[in-house]
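All remarks here apply to the structure that follows.
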C-alpha cells in the first residue's frame, strides 16, 4: 500500500477522494475478519466452503478469500481434498492462534495505511495546504528520516502541484537520503530540479551529493561537482574539505588530497577547525601509506598553532607512529601531550597498551595501565581485551585470568573472544584442567561457548595425545547447534596422522567433505605427510595432483614433503619430474 502511495498509483485515486469512503472501506475489511473469526469459533468447520467476495462500490475484497483458505488449511491440517477422513473436525485452538496472528497483522497494516492515506489525502484534497505548510514539511522530513524516500518524493511532487514548494532544508533531507541509499540517479534528478526550479542548492546540498559520489568511489564526479559548486558561487566549507580529503586518502591519492586541502582551507575564522580535521585525515593517510616523513611534516605544521591541538589529533599521531614501529617517538608524543596540559583519554591508553604488547614489552604495558588508573581513566571492555590478549600471547595466562576475574568483579561481562583467549592460553600451556574450569565458568556467566572455544579445548586434548577425548568434544558441538570448521578437522586429522591412524584420518576427511567443510592446504599437507611416512607415495602424489587442480595456493611444503619422500627411497628421477611438474603449474 505504501508503495502504491509513493508511486501515485491511479488505483488509489478513488480512495483519496473521500475520508468517508476510507472509513467504510476499512470497516468492511474488519467486518469480514470478525465474521470469519466468529464462524470458526462458534460454527462447524466446512472444509470446502464457497468463498465470499465482499464488494463495496465495485471494489472486490480478496482478503476474505485468503482468510477462508487459511482457515480451511488449518482446519484440515494434513488432509487432502481427495481424502474423506477429516470429518469437519478442526482444532479450534490452533485455528484461533493462526487467525489471531493474521488479525493483528492486518490491523497493523490498516493502521499504517490509514496514516499514509490521511497524509496524502490531505495533500491531494488541498486540505488547507497553505495553513498546514509547516506540518507537511515536518511529514516530508520524517519520511526521509525513516527511509521512506518514495513516499517523500511523492509528497514533494504533490506539494509542488499545489503551489507549495518545500524549502531547502526538506530538499536537503531528500537529497541526503537518496545519496545514503546509493540512488544517485534520483539524487541527480532532484539536484537538477533544484538548479532549474529552486530552491537553489546550498553548501549542505552539494556536500550530500559529493558524499554520495565518494561513497561509490566516483572521485571524478565528486571533484567535478566541487568545480560546479564553486562556479555556482557556493563556497565549500570544512565539511566539503573533510569529505573529499578523506575519500582521496582512502584511495591512496595523498598528493591530490594535500593539494586540495591547501586550496580549500581559507584564511578566515574557521580555518583552525577546518584545517585540523582535514589535516588529521591527511596525516593518518600518510601513516597508513608508510610515508612517515610526510606525516611528521603535516604534524609539525599543525603543532605550530597551539590553539588547533586536541586529544584526537594526538591519538592519531601516536597511533600512526606505533603502526610504523616507532614506539620511542610515540612515547615522546605521549609525554609532550601531558606537558602541554592535555588529558589522555581511554583511546590514548589503548593505543599505547596495544603497541607495547605487540612488541612484547609487558613491563611497560603494566606501567601504562597503572598511569591510566592513576589519572582516573576507567578501562573499557576493549582495554581489558587488549591486556588479556597481550598477556596470553606472551604466555602469562595466570595474569590474564586475574584481569578476567577483575572484569567479572566490576560487573563487566567478557565477550566470548576474551574467554576463548584465556582457554586457549591454558590449553597451549598443557593445563587442560584450568582450560575446562574457565569453560565452565564461562557457562555460569551466561556466555555460550562457540566453535573457537571448542577448537581451543580440542587443541589442548590433541597436544596431550588424547585423540578420543578430542573427538568427543567435537561430537559435543552438534547438539548445541555448532559445526566443526576446517580448523577443527585439521587438528583431528593431523593428530590421527601423527598417531599413524590413517584409516581414521581418512574417515575424518570424508566426514569433512560430507559436512560441506572444504579442505585447505593444511588438510592435504597432513594427509600427504602421513602417506609418505607409510611409504605410500603414489597416493601422496595423487593428493598433490588434487591440490594442483583445485586451485588452492599450495606453496612449497607439500612438494618438499613428497620430494624428500622420493629421495629417501632413492627415486631421484621421480623427485625431479615432480619438481618440474610443479614449476610448470606454478608458472
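Using the three backbone atoms N, Cα and C, a Cβ is placed for every residue, glycine included.
What TrEMBL says about this one:
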- 167-201: repeat 'PPR' (REPEAT)
- 202-236: repeat 'PPR' (REPEAT)
- 237-271: repeat 'PPR' (REPEAT)
- 310-344: repeat 'PPR' (REPEAT)
- 345-379: repeat 'PPR' (REPEAT)
- 380-414: repeat 'PPR' (REPEAT)
- 415-449: repeat 'PPR' (REPEAT)
- 450-484: repeat 'PPR' (REPEAT)
- 485-519: repeat 'PPR' (REPEAT)
- 520-554: repeat 'PPR' (REPEAT)
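Summarising model confidence by region, the repeat 'PPR' (202-236) averages a pLDDT of 87. The list of residues near the repeat 'PPR' (520-554) in space but at least 6 beyond its ends in sequence, with Cβ under 8 angstroms from a Cβ of it, reads 486, 489-490, 493-494, 497, 500, 502, 505-506, 509, 512, 561-562, 564-566, 569, 571, 574, 578, 582, 585.
Within the same chain, residues 137, 140-141, 144-145, 147, 149, 152-153, 156, 208-209, 211-213, 215-216, 232, 234 sit at least 6 positions outside the repeat 'PPR' (167-201) and bring their C-beta atoms closer than 8 Å to a C-beta of that stretch.
Sorting each residue of the repeat 'PPR' (485-519) by its DSSP state yields 26 helix, 0 strand, 9 coil. Counted with DSSP, the repeat 'PPR' (415-449) comes out as 26 helix, 0 strand, 9 coil.
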